[in-house]
């Protein structure tokens with residue numbers, strides 16, 4: 001596992017232990033809006049929060065702008081390679097905002113195609129509020145997740161200096177990469193292992209694709225793209241039957257539902273012996289999904305940074321709403337049953353799920369951000 005990130009997270013948690021509770025209380029500050037925070041510098045982020053909730057996320061919606069903001073966090077953060085540094089080459093700065101500062105370079109990289117639109121939408125907020133691009137990308141991603149029902153309470157730390165050069169190409173995994181390639185890449189970036197790779201991919205629960213199939217945009221990865229739940233982990237294990245658009249695109253394989261896309265890397269990671277059981281473990285297990293993603297998101301947003309030199313401003317991030325009560329945590333979409341599951345975990349049986357009533361599920365597209 002990513003022991004460096006785990007150690008940092010534990011160290012931060014210990015700083016808030018009961019032994020230091022009195023000191024923590026003394027340090028809390030009250031902002032002009034009446035909210036209390038652990039550090040007075042966090043107060044300025046409430047203005048940023050109000051602004052982006054209204055003017056970027058359209059009143060706090062878990063829509064296309066939220067999905068792309070979450071994607072931007074990963075593509076900025078994962079662009080770091082200690083292996084390249086060991087060879088005397090620049091290996092990228094991780095979560096440093098380079099994808100926004102050098103957007104003319106980095107958004108032209110193949111895995112970053114389409115991110116130029118969310119970068120253009122976010123840039124004016126960075127300029128208006130005077131925050132660093134790295135901090136803003138992490139903040140917008142955390143707020144975006146809070147807009148998706150079921151998401152964990154996200155952590156947010158400030159203190160990322162602006163990037164001084166663009167990250168090199170080739171550091172962001174592609175949909176057509178093999179499982180070995182992707183595991184090796186995340187291990188190089190942050191000593192993440194194959195289980196933590198699965199945790200990262202939980203973000204696909206609230207995601208859609210605009211650029212894999214050139215004939216259609218806004219294709220979700222699962223049937224509940226506006227909810228942070230485990231449906232992504234259910235539906236990626238269902239047998240693919242058709243393409244939602246033209247088909248035959250690099251990095252795309254058949255999906256089980258009309259209107260839903262499946263990328264090759266998700267398909268293979270869900271079925272690889274090293275990752276299949278961890279993948280299945282999220283089915284009908286919302287608490288594990290929430291805990292593991294909360295941890296991995298923080299670890300990603302601190303890649304290339306010194307966590308001990310950062311300021312915890314997590315108080316500013318809203319809590320997400322619960323999953324709607326009329327839906328189980330995991331289910332088979334209408335028209336699907338256990339017979340459609342391609343069982344890959346040899347250790348435990350696939351969980352027992354109910355099938356939603358009604359005609360076969362057809363997944364609605366998500367309109368992409370303006371200009372995409």
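FYI, residue positions are counted from 1 along the chain as it appears here.
Backbone N, Cα and C atoms are what each Cβ position is placed from, and that goes for glycine too.
Features of the protein shown, as given by Swiss-Prot:
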type	residues	note
ACT_SITE	75	active site, proton acceptor
BINDING	204	heme b binding site
BINDING	205, 222, 224, 227, 229	Ca(2+) 2 binding site
COMPBIAS	350-361	compositional bias 'Low complexity'
DISULFID	31-43	disulfide bond
DISULFID	62-148	disulfide bond
DISULFID	277-345	disulfide bond
CARBOHYD	285	N-linked glycosylation site
REGION	350-372	region 'Disordered'
SIGNAL	1-21	signal peptide
SITE	71	site 'Transition state stabilizer'
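For the region 'Disordered' (350-372), same-chain residues at least 6 beyond its ends with a Cβ under 8 Å from one of its own Cβ atoms are 63-65, 67-68, 114, 117-118, 120-121, 208, 210, 216-220, 222-223, 225, 234, 237, 244, 257-260, 280, 283-284, 328, 330-338, 341, 343. Comparing C-alpha positions, residue 224 (Ca(2+) 2 binding site) sits nearest to 62 among the recorded positions 62, 71, 345. Using CA atoms as reference points, the recorded positions 71, 148, 222 were checked against residue 345 (disulfide bond), and the closest is 222.
Note: the Cα of residue 43 (disulfide bond) and the Cα of residue 148 (disulfide bond) are spaced 23 Å from each other. Other residues of the chain with a Cβ within 8 Å of the Cβ centroid of 205, 222, 224, 227, 229, the Ca(2+) 2 site, are 150, 206, 223, 225, 226, 228, 230, 231, 232. Helix, strand and coil counts from DSSP across the compositional bias 'Low complexity' (350-361) read 0 helix, 1 strand, 11 coil.
Most other Cβ atoms within 10 A: among the binding-site residues 222, 229, that distinction falls to 229.
Taking CA atoms as the reference points, residue 31 (disulfide bond) and the residue listed as 'active site, proton acceptor' are 33 Å apart. Long-range Cβ proximity for residue 205 (Ca(2+) 2 binding site), meaning a same-chain Cβ under 8 A and a gap of 6 or more residues, is found for 221, 222, 224, 225, 227, 228, 229, 230, 231, 232, 233, 289. Ranked by CA distance from residue 204 (heme b binding site), the recorded positions 71, 75, 148, 277, 285 have 71 at the top as the closest. When the alpha carbons of residue 71 (site 'Transition state stabilizer') and residue 148 (disulfide bond) are compared, the span between them is 14 angstrom. For the pair formed by residue 62 (disulfide bond) and the residue listed as 'N-linked glycosylation site', distance between Cα atoms is given as 21 Å, rounded to the nearest Å. Among the recorded positions 75, 277, 285, the residue whose Cα lies closest in space to that of residue 148 (disulfide bond) is 285.
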